[in-house]
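What Swiss-Prot records for this protein:
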- 37: active site, proton donor (ACT_SITE)
- 30-37, 147-150, 176, 184-187: ATP binding site (BINDING)
- 61: beta-alanine binding site (BINDING)
- 61, 153: (R)-pantoate binding site (BINDING)
């Protein structure tokens, strides 16, 4: 496995691979790998002759007061994990090589970024889109793999790809979970033992809402209230950021669940901000 630390190194190698007729799969990450990341890599390995993993804690997607400095890092371990999944290259740039001091160009998908996580993180998806577009261009990826846990992110990236006619296919992998249902996240390390014990109730309440919807409950308000009641009882350490029901592609809020519908949430527990989602109807 090759290790690249500059955009120029990555671009040169990927051009050479394409010239040799090799297609390229990209798995963009911020590191501190868990089984969810490993699933993305394993899937990416099946999609193309060459697998590129990017490991970059992107400062542009962190807002003021967020956990950029504290975000967990273990580059040596992550490099070994990427190699174990057959990555041909790992891209580990310094922020200064990705963003000049006077960087002024941003990519946005405002309609899809406005709600859900965008409500409390207004510049987050601008940073995500900008760095992902950079990675697409540098790697010349034919396919890129993202996770369903970050549903809004993958929906925004799919729209960016469509709107800009980018020659890359997006694949979304199901969320990987702990045995008790908690979605895997690098930020789970922030949880105290008490918070960790309650955190699976996020998923349990979403499953309850899915069951109600599939039994015929159609009011988004009533479904939301059912989740909030369970959380009030079983998730007392949680502080709600948002809980909403939207169309899975447009991310427009829904009043009635009569077709495709996604319930998505963010809950703060201590230092951690946990996100999850569930398709009520697909």
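Count begins at 1; order follows the chain as displayed.
Including glycine, each Cβ sits where the backbone N, Cα and C put it.
On the structure: features taken from Swiss-Prot.
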| residue | record | CB count, 10 Å |
| --- | --- | --- |
| 30 | ATP binding site | 18 |
| 33 | ATP binding site | 23 |
| 36 | ATP binding site | 20 |
| 37 | active site, proton donor | 24 |
| 61 | beta-alanine binding site | 21 |
| 148 | ATP binding site | 18 |
| 153 | (R)-pantoate binding site | 24 |
| 176 | ATP binding site | 18 |
| 186 | ATP binding site | 19 |
Spatially closest candidate among 37, 61, 153, the listed recorded positions, to residue 176 (ATP binding site) (Cα to Cα): 37
Between residue 153 ((R)-pantoate binding site) and the residue listed as 'beta-alanine binding site', the C-alpha gap once rounded to whole angstrom: 11
Length of the line joining the Cα atoms of residue 36 (ATP binding site) and residue 61 (beta-alanine binding site), in Å: 20
Residue 61 (beta-alanine binding site) and residue 186 (ATP binding site), distance between Cα atoms, whole Å: 16
Rounded Cα separation (Å) that holds between residue 30 (ATP binding site) and the residue listed as 'beta-alanine binding site': 11
